[in-house]
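Single-structure report; data block below.
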Amino acid sequence: MAPIKIGINGFGRIGRMVFQALCDQGLLGTTFDVVGVVDMSTDADYFAYQMKYDSVHGRFKHTVTTEKSEANLEEADIIVVNGNKVRCIMATRNPEDLPWGKFGVEYVIESTGLFTDAALARGHIKAGAKKVIISAPGKGDLKTIVMGVNHLEYESSMDVVSNASCTTNCLAPLVHVLLKEGVGIEKGLMTTIHAYTATQKTVDGPSKKDWRGGRAAAVNIIPSSTGAAKAVGEVLPTVKGKLTGMAFRVPTPDVSVVDLTFLSEKDTSIKEIDAFLKNASATYMKGFLGFTDEELVSTDFVHDDRSSIYDSLATLQNNLPGEKRMFKIVSWYDNEWGYSNRVVDLLKHMTSTK
């Protein structure tokens, strides 16, 4: 059976990490053929350089070369990874103008951060693709999928889906286990202490809508908004309206952590919560949810491919005598690598669903 043809629109942090995850999982050239990557340049030599050397994730584990196409004899515009040729395609303002039909692309990973509205993302469909995965929270008429939580709700008739955010992919597995094990959540507040990202400034700069967001990322703790907690209600409708939260962007380049403080629907204990999450991490949530009881810090989770790693040593409670319902749980996540592996997992799930 021929590999399924893939296009990646946006070859930044997530676009490149998704590509690397396809390579590391041995899927490139076997299950999937990435025929094109789209960005503001077609300079394959620069793309190869970015892939080979990464300040956070280290050296690329695969052979990368470049070559020129017949259409461009002035500079290399084809990346060759382990013998698989990938075209470098110039970005457009409208996805409808991309050459997906010409190249037989069936699935598009939309990772620019620009076309998160379902109507805009469907431009890829008009360009010839069959399905679109948005690697960000989506808007409009689409389904939000968190692998390990609600992926079985995906139907083959869905043409555009969202992989949610990295934070939702960390929080939702925790909430899923609490619901499944009968603990429940009456209401809760989430805070994510999040690594800085490419949308922030290296030095203080203009940011009209979010003044604090314009301050230098590497020297400030910056309060920010996030819809990740509310988005869990879209994935798990029984908690819709029960969760909200905020973010603090902190001066680290990768790995973030979710702090969920909640009031349970029934009496429970730290010991019971630990047992539920530990069992889930080894059984029905294996590969998505992790468990640690060691004294670890953020860099210990760099390049961890799980969505959420529950820190059992950080669990707290604040209950008066006779009360057993108020708890705080903490879970780590590599917001780049773990999330990108979920995009690949969602791609695999969609292509295997009839």
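Heads up, the Cβ atoms here are built off N, Cα and C, so glycines get one too.
Feature annotations, reproduced from TrEMBL:
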type     : residues                                               : note
ACT_SITE : CYS166                                                 : active site, nucleophile
BINDING  : ARG13, ILE14, ASP39, ARG93, SER135, ASN335             : NAD(+) binding site
BINDING  : SER165, CYS166, THR167, THR197, THR226, GLY227, ARG249 : D-glyceraldehyde 3-phosphate binding site
DOMAIN   : 4-166                                                  : domain 'Glyceraldehyde 3-phosphate dehydrogenase NAD(P) binding'
SITE     : HIS194                                                 : site 'Activates thiol group during catalysis'
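The separation of ARG249 (D-glyceraldehyde 3-phosphate binding site) from ARG13 (NAD(+) binding site), Cα to Cα, is 17 Å. Compared over the binding-site residues SER135, THR197, the count of CB atoms lying within 10 A of a residue's CB peaks at SER135. The subset of recorded positions (ARG93, HIS194, ASN335) lying with their Cα within 10 Å of the Cα of THR167 (D-glyceraldehyde 3-phosphate binding site) consists of HIS194, ASN335, given in sequence order. Around ARG13 (NAD(+) binding site), a 10 Å sphere centred on its CB holds 20 further CB atoms from the protein chains shown.
Distance from the CA of SER135 (NAD(+) binding site) to the CA of SER165 (D-glyceraldehyde 3-phosphate binding site) is 7 Å. The Cα atom of GLY227 (D-glyceraldehyde 3-phosphate binding site) lies nearest to that of CYS166, taking the recorded positions ILE14, CYS166, HIS194, ASN335 as the candidates. Rounded to a whole number, the C-alpha distance linking HIS194 (site 'Activates thiol group during catalysis') with ASN335 (NAD(+) binding site) is 8 angstrom. Of all the recorded positions listed (ILE14, CYS166), ILE14 has the fewest other CB atoms within 10 A of its CB.
Mean pLDDT for the domain 'Glyceraldehyde 3-phosphate dehydrogenase NAD(P) binding' (4-166) in the predicted structure: 96. Apart from SER165, CYS166, THR167, THR197, THR226, GLY227, ARG249, the D-glyceraldehyde 3-phosphate site neighbourhood in this chain, defined by C-beta within 8 angstroms of the site C-beta centre, holds THR192, HIS194, ALA228, ALA247, SER256, ASN335. Of all the binding-site residues listed (ARG93, ARG249), ARG93 has the fewest other CB atoms within 10 A of its CB.
Ranked by Cβ neighbours within 10 A across all protein chains shown, the binding-site residues SER165, THR167, ASN335 are led by THR167. Of all the recorded positions in the record (CYS166, THR226, ARG249), the one with the smallest CA separation from SER135 (NAD(+) binding site) is CYS166.
Here the CA atom of THR197 (D-glyceraldehyde 3-phosphate binding site) lies 23 Å from the CA atom of ARG93 (NAD(+) binding site).
Closest to ASP39 (NAD(+) binding site) by Cα-Cα distance, out of the recorded positions CYS166, THR197, THR226, ARG249, is THR197.
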